[in-house]
Structures are given as C-alpha cells and as structure tokens.
Amino acid sequence: MSPPAGDAAIEAYKSGTAGTPTPPASTTPPSPASPPANDGSARPIEHDMLHAQILLERAHFSPGEIDGQGGSNTRRAIAAFQRFQGLTASGELDEATWAALETQGAALVDYTLTAQDVAGPFAAVPKDMMDKAKLTTLGYASAAEALGERFRASPALLQRLNPGKPLDVAGTTLTVPNVADLAPPAKAAKVLVDNSDASVALVDAQGRVYARYPASTGSSHDPLPVGEWKINGVTVDPTFQYNPELFWDADPAHAKAKIPAGPNNPVGVAWVDLSKPHYGIHGTPEPATIGKTQSHGCIRLTNWSARELAKAVSAGLPALLQE
C-alpha cells in the first residue's frame, strides 16, 4: 500500500531536509515571481500535496482545511495562485509553481504545547439550536479541535504528523503546519464572491486577485444573491440571532433565540455584513465542509479565512457576488 499524501513531507521535515522557518510574509501583496528555467533536476522529497497546501495557505491562497489529501479546493487554490504569479492556471503543481510557492518559507515547524493550549474549558457542542442558546459560549469541544483551527488543519492530520503523541498534554512538542500568526493580507479595494469558483477573493485597486479563500456560497433553496452590494461592517466573535422563519429546513418547534459567541457558533468567529438584508460572509464551526457543501444563502468560510477577510475589509467596500 502506498503511503497517504503528505507523508513524504513529514519524513523530509523529520530528517531535516525541509528547510528552516522564515518570518511571515509582508502585509503588502508580493509581486508575481518570474518563472524559473527548468533544468530538469528532480524535486526534493518534501514536494507533495501537504507541502503545497501549507505554502498556499501562507500565500493567502487558501486550500481550506489542510489535510494533505488535496481535492477540488486545493486545485482551485493552485490555479488562483498561478494566475497571480503570471503562470498558466492549470491547477497542477508544475516546476514553476513549486518555485513560486517555495518563496513562502518552510512548510512544517515544531511547536510545544503550553498549559494554556490544553486548559480549556472544552465541552461537547449540542447540535440543536435551542440547546446551543442555553449555553454562555460555544467554545472548542477538545484541545485537538482548538489546535486544528490554530494550525488551519484537520485534527486527523495533526495526529498523523505526530503518531503516538497526545494533542492535549502541555510540554508535548508537535510537528505542525507553519501557518500560525501569519501577517494578514493588505486592505482590499473590492471583495469578489464567485459561485462557479466556490470562492471569496480580495481584489486590489488594479483589479488583481491577491488573496482567495474557498467558500460555500448558497444552494437551490437559498441561492447566492447575485449583484453588486456593499459591506456594512464587520463583527468579530459575533452572537447569532437565530430566526427559524428565515430557514426553510428549521425545526417547526424552534423559536427565535440568541446563540452565544465562540468558534462553534453557527457563523463562526467573524461576520462581514452585506447591504443585502440578512446576508453576510462568515466563519463556520465545520471547516472540512467549506467548498463542498451548500449553505443557506450566506457565504461561509473557514474561521481562519473569515478572520483574515475581516481584517482586510471595512464598511463601504464594494462586494460583487457573481455566478
């Protein structure tokens, strides 16, 4: 049986061939790199899907939840990164794309768990909205979930990167994606939501997409409100005003309720309010579903992408929603 995607990068890191960490990129979008000449030499062993996903995340062309497996979110992220770099947007990892990605620095680093990382409190999150409303906060269910969000990766990947190591014991040194505390992207001139590409992008004054995030953008029941809108404002760590009358699939026994803030809030850790009533761009408690499942008309991102977006936009900014 062949090893799962990503194991080559893991072994390269642990053998010391994956490079050393570099500081986060500048908040100013970098200029596209010139494609290098291909001398025919073999790529290093760490060049695989996990490595690519991490470097795409560092470049603000997010593949969504990093899992080492790739898929449609990753292919679209690669294509968007290639367009930004002036390369052929194939969605495939060719030599020129690798060369551009490698300017983002090391993919994997060591991190030692602190007492704060594992202190919690952690508690199971109820599924029913009325039960959620009874709580004071909707925090993480486990230390593994919290670490997954911090390092923008699935808890399963973190465990595979660290076989036999606990994810909830202070003092444990883990191998993790090098994505914590990245500098945010520059302020946007416009936000572009593209239903066909399942994405939200930041556009600069020259019309260039310099950051892109996978998104869930509506459904047949609640289609994306196509048109030109504006951003009304941004709320970080929002509460959610649940109104079952706005949801076609709501439990008929439900009533209006205030759902407390937290990473497991239905709209995640950030809400970017649109001038279309009841619509916004927001986070999610289920990052693995982004770009793969439908939404109730609003635009869902991973929590870490929603945080980045919230820092790059402000009230009055144009938001174009297109098919």
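The backbone N, Cα and C atoms fix where each Cβ goes, glycine too.
TrEMBL annotations: computationally assigned, not manually curated.
As given in TrEMBL:
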type     : residues : note
REGION   : 1-43     : region 'Disordered'
COMPBIAS : 21-35    : compositional bias 'Pro residues'
DOMAIN   : 189-322  : domain 'L,D-TPase catalytic'
ACT_SITE : HIS282   : active site, proton donor/acceptor
ACT_SITE : CYS298   : active site, nucleophile
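Cα of CYS298 (active site, nucleophile) to Cα of HIS282 (active site, proton donor/acceptor): a span of 8 Å. According to DSSP, the residue listed as 'active site, nucleophile' sits in a coil region rather than a helix or strand. When secondary structure is read from DSSP and collapsed to three states, the residue listed as 'active site, proton donor/acceptor' falls in the strand class. Looking just at the domain 'L,D-TPase catalytic' (189-322), the mean pLDDT is 93.
Residue counts for the domain 'L,D-TPase catalytic' (189-322) under DSSP (helix as H, G, I; strand as E, B; rest coil) come to 16 helix, 48 strand, 70 coil.
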